[in-house]
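Colleague: Straight from TrEMBL, here's the annotation block:
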- Glu227: active site (ACT_SITE)
- His226, His230, His236: Zn(2+) binding site (BINDING)
- Cys243-Cys248: disulfide bond (DISULFID)
- 40-273: domain 'Peptidase M12B' (DOMAIN)
Amino acid sequence: MPKEFLVFQPMPARFVAGKSISRLQPHLVYKRSASLPDQLTLKLAVFTDTRLWQYFVKEFGEESAESELEDFVLALINNVSLRLYEKPNPFKVKLLYQQPSITPKLNIVIVRYEMWKNQPVQIYSSFKRHLLLYIYIFLFQKALAASKHKHGEAQLYLDAFCSYQFRMNDASDNGWNHATLLTGYDIYHISTSVAGVAPVGRMCDKAFSCSLIEGMHLGRSFVLAHEMGHSLGMVHDGVQNQCSKTCCLMSTINGAGRTKWSPCSVREYQAFLFSVKKSPEITVARFFIVKGGIKCRSERNLSICTRRKNRGSEPF
């Protein structure tokens, strides 16, 4: 078996100066080692917004809302191998990113958890003396305000959150590889059927390794796994590759019964890992079977998952 091989990957559109006469998209060629570890560790940051906090206060009362929301978040993430730093006897569950159909396995580690009872009002408080940074912070805080992202417009809210997590992400070992915001908004993009959104193929780009997921239902663990799959270079089964479009987690219809990865998804995932200079360290959790489904599509290097209307199904 050769120790090295070539990986061909389309060049991102932002790097292409003009259109080719042949109309063929330029490609990048990487020479990579022909081996991957059996398991990678992905460091995950989880944020919950004020809207989700308000929902839990309404449902459980202010005294119980914090513990109920934390339990809910851990259960949802546990649907996608969980390991929480700084807690005794951390646990993992062999599901989704730990199942036999995917190699390398992903060990998802939560390294940061923020529960926003109020939308963030301070960032880098120790640097407040620096006038330019203080002005930036003031303007940036406004971007997370409901009026700025139009009360849950998916693209605007995702952009604001990605900027927030990028500025907060530590370059040291305390940093993370991917950040997700669980929101209580009924997020929308043209329609209100959106369930999740994330940039595609950007897991190793700190500025864009982020996702926005509706956090009102445990079934959103499928959406989170799907969106993280896009971030790891996976495309839609049966639409952008030759695998069945109905069997697996990267189907455009995501939900009950689709709990494994297709051979195409695994190849795309491995090709992504080979294409980066340094494979990211990565981590995820337990899933609940839910009725209904989620329909996903790719739009301008963005993955958008929408709720699918099925008679007799549970609402997502």
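Just so you know, glycine gets a Cβ as well, placed from its N, Cα and C.
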Colleague: Within the domain 'Peptidase M12B' (40-273) only, compute the mean pLDDT.
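Modeller: Mean pLDDT across the domain 'Peptidase M12B' (40-273) comes out at 79.
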Colleague: For the binding-site residues listed here (His226, His230, His236), which one has the lowest count of neighbouring CB atoms within 10 Å of its own CB?
Modeller: His236
Colleague: What number of additional C-beta atoms lies within 10 angstroms of the C-beta atom of the residue listed as 'active site'?
Modeller: 30
Colleague: Hey, does DSSP put the residue listed as 'active site' in a helix, a strand, or just coil?
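Modeller: The residue listed as 'active site' sits in a helix per DSSP.
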Colleague: I'm trying to understand the geometry here, so how far is the Cα atom of His236 (Zn(2+) binding site) from the Cα atom of Cys248 (disulfide bond), in Å to the nearest whole number?
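Modeller: Per the Cα atoms, His236 (Zn(2+) binding site) and Cys248 (disulfide bond) stand 10 Å apart.
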Colleague: For His236 (Zn(2+) binding site), name the DSSP secondary structure in the helix/strand/coil scheme.
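Modeller: Where His236 (Zn(2+) binding site) sits, the three-state DSSP reduction gives coil.
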Colleague: Whole-number answer please: how many Å between the C-alpha atoms of Cys243 (disulfide bond) and His226 (Zn(2+) binding site)?
Modeller: 16
